[in-house]
Amino acid sequence: MRLLFAFFIICHIFTNNVQLTFAADLDAGEQIFSANCSACHANGNNAIMPDKTLKSDALSENKMNSIEAITNQVKNGKNAMPAFGGRLADEDIENVANYVLNKSENGW
């Protein structure tokens, strides 16, 4: 019985820490997005190419609706979008990707 109780306590601690980390990553992603991306992508829009927004339907249509796709785009850039791979740490880029995907899924 003690072993079962210990197992549930460990699971509870682990899942709460994962949720806190994810929330912190979204906060960090929001800060990085505001500082580096919002000039062109305020509120999920696109000031340069208006049809390629960060809204859920546009991300899906352009096959950019995954963390990997967004991370790749941010790191390497494409067309008018500059590459941020040399300017931002990988962790920061991943936080931005998580933030963008989360915001798009929740309607900005």
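Cβ coordinates come from backbone N, Cα and C, glycine included.
For 1-23, the entry in Swiss-Prot reads signal peptide.
In sequence order, Asn46, Ala47, Ile48, Met81 are the residues of the chain that are 6 or more apart from Cys40 (heme c binding site) and have a CB within less than 8 Å of its CB. The heme c binding site annotation in Swiss-Prot covers Cys37, Cys40, His41, Met81, and the record cites sequence analysis as its basis.
Classification of Met81 (heme c binding site) by DSSP places it within a strand. The heme c-binding residues named in the record, Cys37, Cys40, His41, Met81, extend over a maximum Cα to Cα distance of 11 Å. Around the Cβ of Cys37 (heme c binding site), the number of neighbouring Cβ atoms within 10 Å comes to 18.
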